[in-house]
Each structure stands twice: as C-alpha cells, then as structure tokens.
Amino acid sequence: MDTAQFHTMLEEKGISLSSQALAQFERYYELLMEWNEKMNLTAITDKPSVYLKHFFDSLSPAFYYDFSQSLSICDVGAGAGFPSVPLKICFPHLKLSIVDSLQKRITFLEHLAAELGLTDVAFYHDRAETFGRKKEFRESFDIVTARAVARMSVLSELCLPLVKVNGTFIAMKAASAQEELEQGKKAIDVLGGEISAIERFMLPIEQSERTIIFIQKVRNTPNKYPRKPGMPNKQPIQ
C-alpha cells in the first residue's frame, strides 16, 4: 500500500486525512524504522506493509465506530503505538493514554508524540493488571483498545476494568477470533461486559481477514479484578 492508496482507501471509508496527518504518518514511519534498529518494535519494515498492516489496520475501528466525538481512550499494550497513535493522528481531539509494560517502548512513544506534535497524550509504564486497580484510572475511559495482545479471556481482564460503564472495549483480532470469543464469553460477562458487535473485514491488497470485537461495559467490574500480574494469563476466567 503506497501513500496514495492509503489516502484513497481511507477516503472510501469516510476518513479524510489532512496534509498534516499524511506528513505525520510519513514521519511516524521514519521514526519507527530509526528506532527499530536499536530495539525490536516491529518485524514489518517495508514501507507498503507498514502502511497497510500497521497504519491502515489500526484505523479500521473507525470504519465502524464514531471517533469524531470527544472521547478518552486507553491503549493497553500499545507496543509501537498501534492502534492508538494512528487514531490520534486522524482524530487529534481524542484524549489518549497509553499503557505498556516495557520502558523502552514508552521512551519511543514519548519521543514519537513529541516529534509528531501530538497533544493530550499520556504514557504509563505499567502492567495492565496494576494499572487497572488504580482508582484514578479504573473505569475511567470511554474506550479501551487492544490489538492482538492476548487471548480474549485474558485480554478482557486486562482491559474491561479500565472501561467506564456504558463505554466500549475494542479488541482487534486476526481471523481466528471466533474460537477465542467462545472461550472468552465467561470472562466478558464476569467483568461486566456484553458483546455489542463483531465486525469482520478483509485487509485490502493482501486480502487477509481481520475481526474487530466491540464489547460494551454494562455494569461495574467486581473489585477482585484484575488479579495480580501474571494471573489472568496463568488462570484465565473460564
């Protein structure tokens, strides 16, 4: 996917990129490659693939959800900034918080935000399990995003405690999501969530399937969740 296709295919989905946004994506790619030489941020390095598999894919929730309103977003395990930084570039009014357990990734993201001129962005070096127990963050976000971080049963425990009641947890998955979802239904329910939509689409050009799961927070998460670091993965809610 070249930059012209990126621009055109987003236009077809109702997302118009300003010249500033296009320049920010260009700089994002440059910084990603520069920093990737000193730390492992992405295995995908050729420009067309980064634009398709990272930038375009990260914006896919906006094909189904209205990000034009004033929203607070928390991205759990953002890695090199996906999906939240592309969303912030396209929708600069979003109030963004990023949580990642690796300090060097946070350092990259802080540098990236400064270079791109992003405002109203906060970065937290923390485990999702401990972050979700802090009163100032627990059940405080309109949207929580996660992209292929863990299985749904695990991911729900890391993310749903951060979503405010009536807010939305957006889980971005590859094609194998159905089985994962079946195994994760109990956890979603226990943690106060309810599946509101499952959207499947083909990533253009390479025609690989993607699934986006939208989970609405319908009631408060019980105080015992999230459990201590490592427990959601070792003993998922079943």
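Any Cβ shown, glycine's included, is placed from N, Cα and C.
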Candidates Arg147, Arg151, the one Swiss-Prot lists with Gly77, Phe82, Ala128, Glu129 as binding S-adenosyl-L-methionine: Arg147
In three-state DSSP terms, the structure that Glu129 (S-adenosyl-L-methionine binding site) belongs to: helix
Per DSSP, three-state class assigned to Arg147 (S-adenosyl-L-methionine binding site): strand
